[in-house]
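**Q** My structure is below; once you've seen it, I'll send some questions.
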Amino acid sequence: MSVIKMTDLDLAGKRVLIRADLNVPVKDGKVTSDARIVATLPTIKLALEKGAKLMITSHLGRPTEGEYNEEFSLAPVVNYLKDALSCPVRLAKDYLDGVDVAAGELVVLENCRFNKGEKKNTEELAKKYAALCDVFVMDAFGTAHRAEGSTYGVAQFAPIACAGPLLAGELEALGKAMLKPERPMVAIVGGSKVSTKLTVLESLSKIADQLVVGGGIANTFIAAAGHNVGKSLCEHDLLDTAKKLAAETNIPVTTDVVVGTEFSESTPATIKSVSDVTDGDMIFDIGPDSAKALADIIMNAKTILWNGPVGVFEFDQFSAGTKVIAEAIAASPAFSIAGGGDTLAAIDKFGIADKVSYISTGGGAFLEFVEGKVLPAVAMLEQRAKA
């Protein structure tokens, strides 16, 4: 993917607008989880060090477009940035007709979703964003799959449009895993439903040497192999699809499972052979034999893509399968990339964040890239790089 990179540009004295992903949870005016801001700090610091007249914007929550709403203000993010950067940071509310910024100064432009035309990407709004800057930096991978005013339109009309370090790193890691994977390549896809991950499974079945399925998705494959899944979450209307995928791809078959009788934190866990599941059972995890077999596959891989846990890891008695998978990925010398909300929660729970080669910040954008879809904001940056 050939895009202009912010790291290659001279930003001294230039008006620079960064579209970041600062969509963080806020409670009582305080940021409660700062991961996305922390991920953006190196980009901000680099632009300030380069002497940019720096503006940054993001969405936060889902406000009614065209209306200011204090609940969705970026003010708590501004307060966080003041502390993190130990420098003054201004919040600009009305900025579409221009902002005065000094070299080495940072101004946060209020929630871009307060602007009418943001979601529809109206040309009028896109041109107003573009007029604010000499250089537009797209650094919000999590919104790259949306063609909105602050992600796509501004990149179309800004004098220069480039990828920030976060976005460039994300594209590089995904390209390494998906476009030119070192083999063998193993993909692990968990989640509750085949239907929501069908395109992902189909796309990965063409790339991966082995496709590991987990969670509710695995139940559909277990049923497709002719086993009883009891009361487990299972999409019986997709059994033929599962059979087709299993015939076309190397999908390891689950041999043992961990079952309970109801979806609750207190239901006792029982390990069973996959052929011994009864009508009253609910499958909530893979068993130890299956987990060990998958760990061996992971340890022999050269590239690993992980999207989704293999069991209900939130309940400790059904977390062993996901823990074994997580620890195998952590111990493997392979290049590994992980993405998706539940996957990140599992990485946190088992403390392996520093052992995964790359953790993707974009949920929907990550999945769309894996599905082989074009990400509009990235496509626009590529178009501008060619011009």
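Placed from the backbone N, Cα and C atoms, the Cβ positions cover glycine too.
Among the features that Swiss-Prot reports, substrate binding site is placed at Asp21, Leu22, Asn23, Arg36, His59, Leu60, Gly61, Arg62, Arg113, Arg146, with the record citing sequence analysis. If you look up Swiss-Prot, you'll see Lys197, Glu314, Gly340, Gly341, Asp342, Thr343 marked as ATP binding site, on the strength of sequence analysis.
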**Q** Do you know which of the binding-site residues Asp21, Glu314, Asp342 has the most other C-beta atoms within 10 angstroms of its C-beta?
**A** Asp21
**Q** Out of the binding-site residues Lys197, Glu314, Gly341, Asp342, Thr343, give me the one sitting nearest to Asn23 (substrate binding site) by CA distance.
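**A** The answer is Gly341.
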**Q** Taking the Cβ of Thr343 (ATP binding site) as reference, which residues of that chain separated by at least 6 in sequence fall under 8 Å from it?
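**A** The answer is Gly190, Trp306, Asn307, Gly308, Pro309.
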**Q** Consider the binding-site residues Asp21, His59, Arg113 and say which one has the Cα lying nearest the Cα of Gly341 (ATP binding site).
**A** Asp21
**Q** How many whole Å apart are the CA atoms of Gly340 (ATP binding site) and His59 (substrate binding site)?
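**A** Counting only the Cα atoms, the answer is 19 Å.
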**Q** Between Gly61, Gly340, Gly341, which of the binding-site residues has the fewest other CB atoms within 10 angstroms in the structure shown?
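**A** It is Gly341 that, of the binding-site residues Gly61, Gly340, Gly341, has the fewest other Cβ atoms within 10 Å.
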**Q** Show which residues of the chain containing Arg113 (substrate binding site), separated from it by at least 6 in sequence, have their CB under 8 Å from its CB.
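**A** In sequence order, the residues whose Cβ lies under 8 Å from that of Arg113 (substrate binding site) (at least 6 apart) are His59, Leu60, Gly61, Arg62, Pro63, Glu65, Phe72, Lys119.
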**Q** Taking the residues Lys197, Glu314, Gly340, Gly341, Asp342, Thr343 listed for ATP, what is the greatest CA to CA distance in Å, to the nearest whole number?
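**A** Largest Cα to Cα distance for the ATP-binding set is 21 Å.
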**Q** Cα distance, Asp21 (substrate binding site) to Asp342 (ATP binding site), nearest Å?
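**A** Taking the Cα atoms only, Asp342 (ATP binding site) lies 19 Å from Asp21 (substrate binding site).
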